[in-house]
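Engineer: Pulled these from TrEMBL:
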type: TRANSMEM; residues: 26-49; note: transmembrane segment
type: DOMAIN; residues: 42-293; note: domain 'G-protein coupled receptors family 1 profile'
type: TRANSMEM; residues: 61-83; note: transmembrane segment
type: TRANSMEM; residues: 103-125; note: transmembrane segment
type: TRANSMEM; residues: 145-169; note: transmembrane segment
type: TRANSMEM; residues: 197-222; note: transmembrane segment
type: TRANSMEM; residues: 243-266; note: transmembrane segment
type: TRANSMEM; residues: 272-295; note: transmembrane segment
Amino acid sequence: MPFSNSSDLSPSFILASIPGLEAAQAWMAIPLCSAYVLAVAGNCAVLLVVRAEPSLHAPMYFFLCMLAAIDLALATATVPRILSFYWFDSREISFGACLLQMFLIHTLSAIESTVLLAMAVDRYVAICHPLRHAAVLTNAATAKIGLLAMARGVLFFLPLPLLLLPLPFCGSRVLSHSFCLHQDVMNLACANTTPSVVYGLTAILLVMGLDAVLICLSYILILKAVLRLAAWRERLKVFSTCIAHICAVLAFYVPLIGLSVVHRFGKDLAPLVHIIMGNIYILVPAVLNPIIYGVRTKQIQRRILSLIHVKDR
């Protein structure tokens, strides 16, 4: 039934179900729930370990704490709502709740992108200008970067729900994901969405796109500095300090690019593809980041083992 947020006091959208597998959704939610529990446990462990381990009180690990907090917030803003849909068939989401969820997803993603850029700069300064690292990236500077990342995300992505707020929505109310994204909601509007399209694309390019370019530039400069070292063993040792961050960047940007491609060019793809890509985008960074840094950081390994009372052999 057609509806408009100006004429309907409680407009709502319908979250996408898994096509052809509606009867099995309760069972299929189990791996999703398991991934969420793993993400919460892993990121909480990172926060506790960095807080308790004085040797990790450094900018790189403060940035890692920011990543953990962002991943926790992003997963918590989406997964519990998806699980309530899969387990209790709560498919309907109100217009206001949908806009809020959309704002949180895009804003937190922008903040995470900025933090990943800050971590790349940290690696660049540590490798290319090691004597200046302590002076440039102080604890105060790290805190300011975190606040700047938050302000940047909010300022760039607050207009997205505001641009959708006055639009009328008619026809189908069914989303293509189990949560709300700007492109998905915008496509259901029955009015001119050009301002939303232009602004959304501009915001993505000026935040995630620019960050990706600057991260690549940082690693080009790092690679040039590493190649100046005479011994291969020394080159590998220096560059190995970047492996965890490179993996974190790939865990964030590959699902983001994949989801963007599906939205822009995958209108003819099966609905299941949209749902899978959306869930990967939400959960892959949250699950992988603690594992990546846990494997690459011996202090984190030792502290986690001590927390569960297992002797580090």
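All positions are counted from 1 along the displayed chain.
Note that Cβ sites are derived from N, Cα and C of the backbone, with glycine treated the same way.
Please situate the listed features within the shown structure.
Structural biologist: Tertiary proximity for the transmembrane segment (61-83) is limited to same-chain residues at least six positions away from its ends with a CB under 8 Å from its CB atoms, namely 15, 29, 32-33, 36, 39-40, 43-44, 46-47, 50-51, 93, 101, 104-105, 108-109, 111-112, 115-116, 118-119, 122, 139, 142-143, 145-146, 149, 178-179, 248, 279, 282-283, 285-286, 289-290, 293.
When Cβ-Cβ distances below 8 Å are used as the criterion, the transmembrane segment (272-295) is approached by residues 16, 18-19, 32, 35-36, 38-39, 42-43, 45-46, 64, 67-68, 71-72, 74-75, 78-79, 82, 105, 112, 176-179, 181, 244, 247-248, 251-252, 255-256, 258-259, 262-263, 266, 301, 304 of the same chain, each at least six residues removed from its ends.
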Engineer: Any chance you could find the range in 26-49, 145-169, 197-222, 243-266 with the most Cβ pairs under 8 Å to the transmembrane segment (103-125)?
Structural biologist: 145-169
Engineer: Would you kindly list the residues that approach the transmembrane segment (197-222) from elsewhere in its chain, counting only those six or more residues past its ends and only Cβ-Cβ distances under 8 Å?
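Structural biologist: Distant contacts of the transmembrane segment (197-222): 106, 109-110, 113-114, 116-117, 120-121, 123-124, 127-128, 152-153, 156-157, 159-160, 163, 182-183, 186, 239, 242, 246, 249, 253, 256, 260.
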Engineer: Restricting to the domain 'G-protein coupled receptors family 1 profile' (42-293), what is the model's mean pLDDT?
Structural biologist: 91
